[in-house]
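What follows is a structure written as structure tokens; I'll ask about it next.
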């Protein structure tokens with residue numbers, strides 16, 4: 001044994017530095033690496049083996065890995081599992097059915113195990129418990145922070161109160177000391193008073209001009225702060241770079257004065273903003289109300305129009321500049337509910353004023369009608385500009401003022417329109433009466449002419465013209481027995497009794513003519 005030569009030991013496996021990048025990736029994708037060999041899956045459920053030393057692959061199990069083939073197959077099966085739950089994995093049997101494999105006991109079953117999903121549920125419960133615990137800890141921290149803030153606030157108030165108390169005590173002490181000093185001064189013998197010389201007129205004027213210049217610089221500085229949009233709680237260090245380059249900043253001579261003005265401005269800025277907002281809202285409401293009053297006075301507006309329709313047609317009815325002013329100064333600042341309230345109030349006021357104007361128009365019409373009919377002034381020559389009409393209008397409004405009634409609701413143009421409509425109505429009322437009188441007179445005259453023609457016909461029938469020409473005496477005799485024909489004079493009003501009498505007279509005269517014949 002000792003004389004025989006031993007075979008050379010196998011060479012050591014190559015180090016990582018001697019492997020190529022492809023070999024490293026190939027090894028990472030292997031099911032398992034044992035020495036120089038790595039086990040791989042071909043994708044169809046079969047294993048092959050790769051030798052990194054010889055850079056070759058084979059299907060047969062190497063001699064040193066034969067005992068590990070079962071473990072390799074187990075790894076392949078677990079790698080291709082459909083689902084996992086703890087130690088159990090689900091696999092496809094190939095015919096659409098599943099079987100379950102336990103990697104610990106290495107048992108396979110067709111039915112799903114009872115403990116399937118318990119581990120995931122337990123993990124979910126653990127996560128929920130951890131989240132709940134974290135939430136409670138966060139709430140507890142917030143509560144502790146809130147308690148600390150309240151405690152700090154109370155301590156701050158307490159310190160502030162103590163400070164105010166000390167200042168008050170100090171002021172009382174100063175006041176007491178001042179009273180003692182005054183008392184001591186009163187006890188001292190009076191000294192000669194030093195009278196200051198009064199300022200001259202020029203000095204007073206210069207002092208007044210100086211104060212005005214100083215106040216003007218302060219106002220310009222405040223205007224600069226408003227233009228730079230300095231808000232409440234803004235710090236001097238933050239605002240200084242924004243305002244230092246403005247010429248109005250240099251108008252105030254010293255930095256202390258500038259900072260004092262700035263601090264006062266910031267302190268009262270919130271109240272100023274509230275006042276500005278309130279003023280703008282008030283102006284917006286007034287502008288919107290004025291717009292509606294202007295539009296309501298037009299005859300084209302209907303009181304039943306809704307706010308949405310009113311606003312949608314507003315752009316077409318206004319000039320561009322006027323519409324832009326309404327948009328920027330009123331509609332943008334007012335909420336929809338505020339616009340609806342103002343619109344509803346304006347409509348109600350318009351209806352109330354319309355009723356009052358209608359009542360005044362009716363009273364004025366009746367007053368003028370009574371006066372014109374009594375005084376017989378309703379002729380066509382009456383004009384609105386005449387002194388008589390103007391006197392009547394003034395008399396109406398004087399009487400209305402004495403009765404505590406609203407006066408002058410109607411404009412001068414509306415008053416003139418009422419008067420002209422009344423004159424036209426009176427003229428139309430008189431035209432039918434005149435037409436009836438003319439028609440009656442014409443009818444009576446035509447009837448008289450017909451009666452005369454009938455009498456002439458009777459006379460010609462009984463006494464031929466040649467006989468009357470040859471016997472004048474006969475004509476004279478006929479004149480004595482000629483039927484009496486009554487001509488009714490035209491009148492403006494028909495008299496039925498007179499018509500009956502005239503008719504009977506005509507009938508009697510006709511009968512007498514027949515008897516003579």
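A Cβ is built for glycine as well, from the same backbone N, Cα and C atoms used for every other residue.
Quick paste of what TrEMBL says about this protein:
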DOMAIN    31-64  domain 'WW'
DOMAIN    88-115  domain 'WW'
REGION    110-211  region 'Disordered'
COMPBIAS  122-149  compositional bias 'Basic and acidic residues'
COMPBIAS  150-163  compositional bias 'Basic residues'
COMPBIAS  164-198  compositional bias 'Basic and acidic residues'
REGION    457-517  region 'Disordered'
COMPBIAS  463-484  compositional bias 'Basic and acidic residues'
COMPBIAS  492-501  compositional bias 'Basic and acidic residues'
COMPBIAS  504-517  compositional bias 'Polar residues'
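Tell me about the setting of these features in this model.
As a whole-number mean, the pLDDT of the domain 'WW' (31-64) in this prediction is 71.
According to DSSP, the domain 'WW' (88-115) comprises 0 helix, 13 strand, 15 coil.
Within the compositional bias 'Basic and acidic residues' (122-149), the DSSP-based counts of helix, strand and coil residues read 28 helix, 0 strand, 0 coil.
Away from its own ends, the compositional bias 'Basic residues' (150-163) comes close to no residue of its chain (no Cβ-Cβ distance under 8 Å at least six residues beyond either end).
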What are the DSSP helix/strand/coil residue counts across the compositional bias 'Basic residues' (150-163)?
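Counting residues by DSSP class gives 14 helix, 0 strand, 0 coil.
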